[in-house]
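> Sharing a structure below in structure tokens format, with a few things to ask.
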Amino acid sequence: MAELACFCYPHLENDSYKFIPFNSLAIKCMLTAKVDKKDQDKFYNSIIYGIAPPPQFKKRYNTSDNSRGMNYETTMFNKVAILICEALNSIKVTQSDIANVLSRVVSVRHLENLVLRKENHQDVLFHSKELLLKSVLIAIGQSKEIETTATAEGGEIVFQNAAFTMWKLTYLDHKLMPILDQNFIEYKITLNEDKPISDVCVKELVAELRWQYNRFAVITHGKGHYRVVKYSSVANHADRVFATYKNNTKSGNVTDFNLLDQRIIWQNWYAFTSSMKQGNTLDVCKKLLFQKIKQEKNPFKGLSTDRKMDEVSHVGI
């Protein structure tokens, strides 16, 4: 995750802003600079290489002292920064909006995946600039539309029916901020269209998840799509979701947290997010993740979760 101010800076033209991507040498200069505390939140002028991000975002970049940041000296950083600028320059951003836009925290990996989709000549985003920009505006929170299959970050499709597409995420192969844990495995499920879904399609998805992915929990971060994650990573997701929700509430950037379909979501996660929306503390909410919750009556007659051991999926072992 990183703020948009880590990728580009605004230049005032007439009554709106044009966004310009940073170059790696300007960032490198900023990372070595001694800057007064009162100037930490201001864009840094490297004198030689142009404008650089505010020094307060130093930890967002990979250095010898911080291996958790972005690999800003890669060509992928340039591609992501340019793509963000293209999207922001396609709309009008006024002075009253600028601070909110630049402080917005976005998913670096999501944006790298959109670059990969853009460069794939078999992908619809390769052929449609309009759809590409729409996908980026959704990814950076500048559009209120949800991420559907056409505008999704992408990955490897492992399941699809008339209503849903399930993607295996490819973060292990990334250049900008790769997942370093080689045991990482995670999926995302997007809606093919943002419209009511038939029970038949939901039943098909639930059957697939229970049969092939019974070692995973189906959760949501509240943005209109599902995530399929290892049970061992659920607590970490809970911390991130709670922190983001509280931060958005505090800053006034309140967006409706979409709980999604209770028949699909893991019941403990549904309880956690419902409790969070009611304003409870993190400790109170997280206890619900580890409690035995009484199983709701099976909404799909004939669809059982009971399996013999030799029938259980080996995905995720």
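Just so it is clear, glycine is given a Cβ too, placed from its N, Cα and C backbone atoms.
Per Swiss-Prot, the features are:
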BINDING   Ser107, Val108, Arg109, Lys188, His221, Gly222, Lys223, Arg227  ATP binding site
REGION    205-241  region 'RNA-binding'
ACT_SITE  His225  active site, for NTPase and RTPase activities
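Can you tell me where each of these features sits in the structure?
In this structure, Ser107 (ATP binding site) belongs to neither helix nor strand by DSSP; it is coil. Its own atom aside, the Cβ of Ser107 (ATP binding site) has 16 Cβ atoms within 10 angstroms in the protein chains shown.
Taking the Cβ of His225 (active site, for NTPase and RTPase activities) as centre and 10 Å as the limit, one finds 22 other Cβ atoms among all the protein chains shown. Secondary structure at His225 (active site, for NTPase and RTPase activities), as computed by DSSP, is coil.
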> Rank the binding-site residues Arg109, Lys188 by the number of other Cβ atoms within 10 Å of each Cβ and report the first-ranked residue.
Lys188
> What whole-number Å value do you get for the CA-CA distance of Val108 (ATP binding site) and His225 (active site, for NTPase and RTPase activities)?
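So the Cα of His225 (active site, for NTPase and RTPase activities) lies 18 Å away from that of Val108 (ATP binding site).
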> Once near-sequence residues are set aside, which residues in the chain of Arg227 (ATP binding site), 6 or more away, have Cβ atoms under 8 Å from its Cβ?
Glu186, Tyr187, Lys188, Ile189, Val218, Ile219, Thr220, His221, His237
> Relative to the Cβ position of Lys223 (ATP binding site), how many further Cβ atoms are located within 10 Å?
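Excluding its own Cβ, Lys223 (ATP binding site) sees 17 Cβ atoms within 10 Å.
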> Which whole-number mean pLDDT does the model give the region 'RNA-binding' (205-241)?
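Computed over the region 'RNA-binding' (205-241), the mean pLDDT is 96 on the 0 to 100 scale.
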